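Encoded as structure tokens, the structure appears first; notes follow it.
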Amino acid sequence: MKNICLLGATGSIGEQTLDVLRAHQDQFQLVSMSFGRNIDKAVPMIEVFQPKFVSVGDLDTYHKLKQMSFSFECQIGLGEEGLIEAAVMEEVDIVVNALLGSVGLIPTLKAIEQKKTIALANKETLVTAGHIVKEHAKKYDVPLLPVDSEHSAIFQALQGEQAKNIERLIITASGGSFRDKTREELESVTVEDALKHPNWSMGAKITIDSATMMNKGLEVIEAHWLFDIPYEQIDVVLHKESIIHSMVEFHDKSVIAQLGTPDMRVPIQYALTYPDRLPLPDAKRLELWEIGSLHFEKADFDRFRCLQFAFESGKIGGTMPTVLNAANEVAVAAFLAGKIPFLAIEDCIEKALTRHQLLKKPSLADIQEVDKDTRGYVNSILT
């Protein structure tokens, strides 16, 4: 029996993680969890899984949950301290970080210090502080297991292989909601249009990131840290069907790919069961004859400027990826709120990157300060 801490339970990854736990109740137990403000969604989860500790995102939600009575004993935590408390509980074996944004960084570091296995779905943790997280994981001998479908695919393709034999990583991208639209057409797209992802069921922020290709850019930076691969050896290819989740090319030019129908429960479950595999009820079998053909295109930096920003920020390193991520989070929130048009997301990010004075080897405090400063700057140009 593995004891699980789930940070970000009411998000898309969180819900699908609970699907996996529900399917294997003899293998997993949820001992702690967190959510932000969605108490209507969280309460049924709490009643079903009966965690010992629940952390919430704000004081109002904290008071509401405190007033509720459950049939079991459950402690309530708040904010970052609550996230940390949930992650470092003595009983916890695996911390699933499904939080949205850079809020996932500190709880991850604290969990690593307590030698908890990390199942990482929170891209921003490695994007903003990859060097610190990797050093921490190495120091405490803690595995970082990828939950993203692309990184899980690479991780699976590398089983039994030696890192020295890798030629390049090939990360696939669906292209998002607007993959067939021209730059001119993108000027007038709506929030509703952007949230219609053709292949995956995801939360609002990541669906917008998919439409701008920032999601793929963040995944490139994450792959760099997870697999210790230079950016020059990471490629992105557009693949509309989302059947090949990513590939690894070796020095002899052979390529190993991981395939499957689009279902986030599969990489989530693999991270939880690694190195074993379990059956996954209701998972759809891949029948290639039904699909008939797969399509691929080269990713165009002129068409997807956020992807270019991510590659450039990653190569520069230091605090630049922190700026990239913070500016993107604020700009996407503004787009979702109807405050700016879709293409203005790129403009906000570019202005923040151009303005930034690079710190090459930032401390954790430096990263937090740059994150705060960038958010303040982008908010100021939006008002």
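The first residue you see is number 1, and the count goes up from there.
Backbone N, Cα and C atoms are what each Cβ position is placed from, and that goes for glycine too.
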Candidate from Gly176, Gly203, Gly217, Gly260 that Swiss-Prot assigns to the same NADPH site as Thr10, Gly11, Ser12, Ile13, Gly36, Arg37, Asn38, Asn122, Glu124: Gly203
One of Glu73, Glu80, Glu81, Glu219 listed by Swiss-Prot as binding Mn(2+) at the site of Asp148, Glu150: Glu219
Three-state secondary structure, Thr10 (NADPH binding site) (per DSSP): coil
Asn38 (NADPH binding site) to Glu219 (1-deoxy-D-xylulose 5-phosphate binding site) - Cα separation in whole Å: 27
Least Cβ-crowded entry, counting other Cβ within 10 Å, from the binding-site residues listed as Thr10, Ser12, Asn38, Asn215: Asn38
Pairwise C-alpha maximum, in angstrom, for the residues (Thr10, Gly11, Ser12, Ile13, Gly36, Arg37, Asn38, Asn122, Glu124, Gly203) that bind NADPH according to the record: 22
